[in-house]
Amino acid sequence: MPTQPTLTGDATGPTGTPGGTSGPPASPTRDRQGPSRGPVRPGTLVKIALMAVINALGVFGILAAWREGHMGILASMVVLLVVADWVYFSRRTLPLKYVLPGLAFLLVFQVYVVGYTGWVAFTNYGDGHNSTKEQAVEALLIQNERRVEGSATYPLTVVERGGALGFAIVDDGEAQVGTADDPLSPEPDATVDDDRVTEVPGATVLSRQEVLQRQAEVTSLRVPFSDDPNDGWVRTQDARTGFVAVPSLEWDPEADTMTDVVTGTVYHATSDGSFRSDDGERLNVGWRVMVGFDNFRTAFGDERYAQPFVKILLWTFAFAILSVVSTFLLGLFLAITFNDTRVRGRRLYRTLLIFPYAIPGFLAALLWSGMLNRSYGFVNQVLLGGAAVPWLTDPWLAKASVLGVNLWLGFPYMFLICTGALQSLPGDVLEAAKVDGAGAWRTWRSVTLPLLLVATTPLLISSFAFNFNNFTLIYMLTRGGPRFADASVPLGHTDILISMVYSVSGLDGTAAKNYGLASALSIVIFVIVATISAITFKRTKQFEEIS
Amino acid sequence: MRRGIPAAAVTLGLVLALTACSGSGDDSTGGATSETTAGGGASEDALVIWVDETRQAAVESAAQAFEDENDVAVEVVLKNFEDIRTDFLAQVPTGEGPDLTVGAHDWLGELTTNGVVAPIELGDTAGEFLPIAIEAFTEDGQVYGLPYAIENVALIRNTALATEAPSTWDAAVAAGQAAGTPYQVLIQTGTEGDPYTYYPLQTSFGAPVFVQNEDGTYTSELAMGGAPGQAFATWLQAQGQAGTLSTDITYDIAVEAFKNGESPFIIGGPWMIEQFEGLELSIDPVPSAGGEPAQPFVGVQGFYVSAQSDNALLANDFLVNYVATDEVQLALYEAGNRPPALASAAEEASADPITAGFLAVGEDALPMPSIPEMGSVWAFWGVTEANILSGAAEPVAAWDKMIADIQAAIGS
């Protein structure tokens with residue numbers, strides 16, 4: 001036992017009470033060690049109140065996730081809640097106290113989304129593979145239970161007999177009663193009123209309310225029509241009328257097969273998430289499975305996509321770079337102009353310039369697409385005196401229109417940030433340049449512009465990333481049109497990568513949906529944008545160091 | 001998508017697109033919020049119905065009667081029509097979808113392929129509907145929706161400008177010229193084309209979109225290729241060159257021009273009628289351009305039951321015993337202006353000559369295919385027509401390429 005003496009020594013050491021008389025001196029020591037034990041500060045109260053709210057919300061979320069059966073959400077909420085409590089009640093986590101909220105939002109809104117997209121990219125999620133296998137089986141079974149052709153419908157009453165639910169129907173004026181295990185048989189003693197069974201000896205007739213409370217049981221109840229299983233069974237969908245139905249597919253969970261009752265064809269569950277017969281026939285409802293790199297292979301390997309993909313990639317870069325450059329140059333020019341104190345009415349001009357910025361982007365793009373209509377658009381009709389210029393239907397003019405509209409939409413933003421940057425330039429540097437004898441051009445090129453770029457480059461990069469994915473503009477203005485004349489996919493000259501993802505994946509309703517492929521393409525775009533941003537930011541840093 | 005595109009619809013499309021792009025995130029972040037609606041106590045056993053704006057009032061009044069009689073809660077949830085299909089597909093598997101939703105019959109293939117709808121047993125009620133309405137909601141012998149309205153395009157004629165219904169396309173153009181209006185015949189087109197509205201003209205050349213089985217269901221074999229399709233394409237080019245039809249005419253421009261009396265004819269559906277108040281109208285069959293009857297698509301609106309509904313009994317009861325009544329069908333007719341699908345209600349609505357006109361045209365029409373392959377057709381069809389019209393493409397070559405592209409898309 002070498003540790004025990006040390007431990008006790010340690011424990012008693014700081015208190016400074018050798019001999020173990022630890023009564024009175026202990027309390028001053030504790031006070032010294034824990035200043036929070038003093039009078040409670042208002043900040044602490046606020047903290048406790050806030051944490052109570054956060055904990056209440058967290059527990060509520062956990063319970064909700066539990067009830068909905070979302071175990072992933074439940075687990076992550078528990079972890080987040082425990083971490084939050086630990087961080088804000090522990091004394092050793094000072095930096096985390098500031099970082100945690102941002103970190104939590106980053107996890108939920110960014111990392112999770114990227115992660116989920118990544119996961120979907122490796123599945124076949126899309127039309128025909130929409131859900132889990134259990135639901136696919138269920139859907140196939142309900143789709144393939146047929147009413148016996150030409151059979152009658154029967155007025156139906158739900159009864160309970162011997163603890164089991166059953167149906168009482170009226171067939172040719174005669175009452176028949178049966179349960180799931182007990183085929184329908186005549187019940188001459190039952191009371192039939194107005195074509196409907198109202199009383200059955202030895203059984204209770206369920207009221208409408210009771211039926212509604214047990215509707216899951218009632219809708220899944222199948223009462224054999226007779227001793228012969230081939231006669232089918234009676235079922236109901238509204239608990240008012242019954243009909244005779246037979247299944248045409250049978251599910252064998254042991255063998256993992258579906259069997260067509262009529263033809264005898266056996267469909268096996270396959271690894272691609274569907275039931276397939278030996279000669280390749282497929283049942284229409286499938287389920288989600290992992291497909292590895294198949295989606296990436298389609299994105300790059302399918303020759304129908306490969307050629308348009310390259311064109312679209314190039315145009316996406318051209319569009320993003322030209323948009324940033326053109327808006328920046330125009331914004332900068334106007335900022336310099338209106339920064340000059342000799343310009344009169346600067347405030348008015350500046351206010352007017354913000355206008356395009358104040359109009360929602362998608363609305364503006366939509367308006368422009370109307371104004372650029374070849375025959376009826378404002379531009380052709382009024383400004384060009386009726387010239388039928390095909391602004392949006394000629395490949396090159398459409399590209400020019402896209403860039404022009406984006407310039408109109410984007411320059412006020414650049415104007416704003418350039419004005420801000422210009423006004424925050426240190427006056428003494430400019431003064432010094434003047435003293436050194438630099439002319440206006442020289443000052444601008446060697447002093448103003450570098451300083452301005454230091455301030456605006458991060459915004460230019462984010463503007464590039466934004467325009468790289470500027471779906472709104474493309475979709476509202478041209479919808480990617482005019483179409484490539486030589487491609488066999490619905491893509492066009494002004495499509496950028498993100499609008500290509502949109503139409504290739506069928507999200508616009510013009511093709512079968514394919515979320516897996518869409519996610520794979522999104523991942524590719526993400527990688528491109530992330531790489532470019534990383535490289536540019538690195539170079540900006542060098543730039544900053546130089547200046 | 002196929003009935004002109006009001007700004008709102010485009011906005012919705014965009015929102016949908018953006019949510020779809022980031023949709024994966026909604027599952028997690030929505031987890032904490034969605035339980036307020038999904039688990040809010042009362043809604044656990046309430047019947048949840050998704051409706052869009054035009055149907056809201058009518059469904060709510062039917063729901064009220066149903067609530068009173070059965071002592072159950074019915075929750076009518078307002079959604080944008082454009083969002084319903086995607087949301088239904090995404091939410092039913094999670095168990096958070098509705099019990100019932102309004103929808104169009106041409107969604108059927110997609111809904112069954114994804115296993116999100118349950119069949120409905122209409123029993124003897126089936127005979128009380130217009131046959132085409134039931135046919136449209138039938139797949140593989142099972143009925144999957146309760147129809148309440150049918151819609152199709154027809155030739156809407158301004159009787160002040162043209163006294164007689166034209167029997168052929170050339171007669172219509174001649175009548176338009178005689179009327180001295182800026183346009184002879186108005187058809188909404190746009191740079192992406194509008195194959196839905198152009199379809200009767202195409203069928204008049206004997207080029208329906210898919211081959212039909214004997215029972216009227218569609219196979220996945222394209223029927224619009226070959227000589228009839230090429231003849232239609234050539235005709236389109238001629239119309240474009242003559243200036244009769246133009247891709248510059250969008251839905252808004254067409255409706256506005258007809259409203260202002262700038263043309264005696266417009267090809268359109270009942271959804272346009274509201275805007276033509278004050279005009280004397282007659283609804284006539286679409287004139288044949290290729291010699292054969294011009295058959296438009298019929299779209300049927302109806303209610304679907306979710307395959308994952310916990311309230312299947314209530315849902316079916318509501319549909320078969322409440323929505324399939326004259327009262328509700330007529331209320332939905334008042335709300336949406338489309339002829340009812342229940343035969344007796346349709347008869348009553350036919351007192352209005354406009355409704356009767358659309359119904360009469362619809363009698364000779366064919367349901368729009370609801371097979372999943374149809375989704376691959378739209379993307380190529382309209383643009384090809386638009387390119388031929390505008391002169392950007394050679395008709396026969398472009399049409400043949402379109403057929404090949406669609407076949408490749410269906411095969412993939």
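Including glycine, each Cβ sits where the backbone N, Cα and C put it.
Lifted from TrEMBL, the feature list:
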- A:1-39: region 'Disordered' (REGION)
- A:1-15: compositional bias 'Low complexity' (COMPBIAS)
- A:45-66: transmembrane segment (TRANSMEM)
- A:72-89: transmembrane segment (TRANSMEM)
- A:98-122: transmembrane segment (TRANSMEM)
- A:312-336: transmembrane segment (TRANSMEM)
- A:313-536: domain 'ABC transmembrane type-1' (DOMAIN)
- A:348-369: transmembrane segment (TRANSMEM)
- A:405-426: transmembrane segment (TRANSMEM)
- A:446-466: transmembrane segment (TRANSMEM)
- A:517-537: transmembrane segment (TRANSMEM)
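Away from its own ends, the transmembrane segment (A:45-66) comes close to residues 73-74, 77-78, 80-81, 84-85, 88-89 of its chain (Cβ-Cβ under 8 Å, at least six residues beyond either end). Contact between the transmembrane segment (A:312-336) and the transmembrane segment (A:72-89) is not supported: fewer than 3 Cβ pairs lie under 8 Å, counting only residues 6 or more apart in sequence. Scored on C-beta pairs under 8 angstroms, the neighbour of the transmembrane segment (A:98-122) with the top count among A:72-89, A:348-369, A:446-466, A:517-537 is A:517-537.
When Cβ-Cβ distances below 8 Å are used as the criterion, the transmembrane segment (A:446-466) is approached by residues 320-321, 323-324, 327-328, 332, 410, 413-414, 417-418, 421-422, 424-425, 429-430, 433, 438, 529, 532-533, 536-537, 540, 543-544, 547 of the same chain, each at least six residues removed from its ends.
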